[in-house]
Amino acid sequence: MTVGGATMASRFLGFAREMLIAFILGAGPVADAFYAAFRFPNLFRRLFAEGAFNAAFVPMFSKELETGTLKQAKQFAENILSYLLIILIFLTAIAEISMPWLVANVIAPRFADNADKFELTVELTRIMFPFLLCMSVVAMLSGILNAMRHYFVAAIVPVIMNIVLVSVLLIAHSQSFNPVLVGKTLAWGVLVSGILQLALLYYAVSRQGFRLHLKIPRPSPKVKKLLLLAAPVALTGGITQINLLVGQVIASAQDGAIAILNYADRIYQLPLGVVGIAIGVVLLPELSRALAAADQKEAHLLQNKSLEFALMLTLPAAVGLFFLPGPIIAMLYERGAFSAETTALTAAALAAFAIGLPSFVLLKVFQPVYFARFNMRAPMWFALISAIINIVGSLLLFPYYGHVGIAFATSIAGWVNALMLIAGLTMGGNFSLPRQSIARLTKILLASLIMGLLLYVTSGWIIDMTTNQGFLTRFAIVMAAITMGAIVYFGTLIVTGGLKLSELKSVVSKKKSS
């Protein structure tokens with residue numbers, strides 16, 4: 001199995017988890033409370049863990065491996081780990097103590113109008129917040145493995161959380177737990193999964209000769225450099241999460257909106273995760289090596305190929321989600337506590353998110369290009385500008401369009417961020433597209449438009465055929481529509497020369513061999 005395959009497995013298990021939550025809790029108050037509570041530690045995980053250590057730590061650790069000894073690299077990692085744990089333990093303690101204030105002022109301000117919902121959110125957030133500590137160390141250990149070109153274990157680890165939560169939900173349903181007990185059990189499942197992921201990653205790193213030990217942290221120029229790099233990287237890498245948190249704060253004024261946005265978010269995260277994260281995780285270490293070797297030609301080739309690959313898979317996915325959100329939502333979620341009305345609300349949010357999907361993947365392609373060159377400030381400023389646009393857009397659109405306005409503002413902010421990243425690289429002489437890439441991207445856009453036209457013409461029929469139907473009927477019709485769209489898309493690409501049959505056969509053969 002490849003990195004993309006491992007990520008795909010995690011995303012599909014994540015779908016199973018979300019389908020069960022939708023079935024048991026729908027978009028009710030407990031679902032709102034759980035998603036609001038989970039968003040907060042998840043935000044800090046992205047800010048301090050994935051952002052800081054997969055972007056700032058990996059290039060520095062890769063350089064230690066390339067220019068120093070394994071012992072020096074290990075000492076560097078141990079020193080950073082010691083500093084990281086001190087910061088995280090302090091942050092966790094402060095958050096646990098001040099959680100009621102945080103929920104009332106940061107996480108979900110309008111929940112204060114409902115005492116039961118507010119108290120449940122506080123309790124769930126307190127249970128799950130230590131998940132941040134576990135996952136931050138997991139992210140650092142994943143960075144070590146990625147720098148050593150061992151990608152698979154780090155990619156498969158997220159499967160653990162989904163397995164744990166799916167198991168918890170199945171038990172809760174079989175035992176007829178009430179909704180509040182389901183929410184609390186889910187929260188404990190999140191924490192347990194974090195501990196299990198940490199144990200697996202520590203074992204994997206130890207097998208590579210990196211059995212890390214905690215030591216008294218010692219200041220050094222390398223530590224200072226990483227901390228200076230980590231702050232802007234943390235903000236930059238977590239911009240999507242910041243935007244979603246802003247949306248959550250505003251959405252707390254609408255009953256069910258937080259849960260609805262999360263259900264929609266889960267669907268567009270599938271292509272974003274499989275394509276974007278796989279590119280980001282593999283691209284950064286490879287770019288770092290190319291630049292360390294002063295191989296600018298290889299660096300440009302890597303980023304251009306990543307761009308082509310990302311858009312080839314993401315543009316048609318965005319088109320499909322935009323034109324067929326209702327049938328997709330109904331197939332995945334509409335059963336149990338998840339009503340047809342909730343389907344319509346979630347579908348509208350998904351269509352708005354789909355507009356921004358290509359931009360979110362472009363962030364995964366172009367941010368590592370800055371990070372590999374140790375340019376952390378430019379992406380930080382771009383992220384801040386896009387965050388401001390998202391906040392203003394959400395505040396302006398929410399009174400008129402509710403949760404859909406929040407999703408649309410998130411997409412607008414994503415495109416602004418992506419375009420600024422591209423402009424910055426272009427002006428700095430670090431990005432240019434050869435004629436071959438321009439021609440291929442044009443053909444990808446053309447194929448996506450033709451597929452979109454087909455889905456637009458047939459969307460009414462597909463919606464009628466899936467309304468008030470069972471899962472199997474909906475699944476068959478949606479899969480048929482996706483297959484039809486894929487045939488038209490890839491057929492157009494092959495006919496126009498945007499994709500050669502030899503390339504397609506190469507991808508298929510790699511999948512089979514993996």
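Note that Cβ sites are derived from N, Cα and C of the backbone, with glycine treated the same way.
Feature list (source: TrEMBL):
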type	residues	note
TRANSMEM	20-38	transmembrane segment
TRANSMEM	80-107	transmembrane segment
TRANSMEM	127-145	transmembrane segment
TRANSMEM	185-205	transmembrane segment
TRANSMEM	226-247	transmembrane segment
TRANSMEM	267-288	transmembrane segment
TRANSMEM	309-333	transmembrane segment
TRANSMEM	345-366	transmembrane segment
TRANSMEM	378-398	transmembrane segment
TRANSMEM	404-423	transmembrane segment
TRANSMEM	444-463	transmembrane segment
TRANSMEM	475-501	transmembrane segment
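Three or more CB pairs closer than 8 A are found between the transmembrane segment (185-205) and the transmembrane segment (127-145), so contact between the two stretches is assigned (pairs 6 or more residues apart).
Remote same-chain residues near the transmembrane segment (309-333) are listed as 15, 18-19, 22-23, 263-264, 267-268, 271-272, 274-276, 279, 340, 342-344, 346-348, 350-351, 353-355, 357-358, 361-362, 364-365, 441, 444-445, 447-448, 451-452, 455-456, 459, 462-463, 466-467, 471, 474-475, 477-478, 481-482, 485-486, 489, 493, 498-499 (criterion: CB distance under 8 Å, separation of at least six residues from the stretch ends). Of the ranges 20-38, 345-366, 475-501, the one with the most Cβ pairs under 8 Å to the transmembrane segment (444-463) is 475-501. Cβ atoms under 8 Å from those of the transmembrane segment (475-501) belong to residues 312, 316, 319-320, 324, 327-328, 331, 439-440, 443-444, 446-448, 450-451, 454-455, 458, 462, 465-466, 469 of the same chain, restricted to positions at least 6 beyond its ends.
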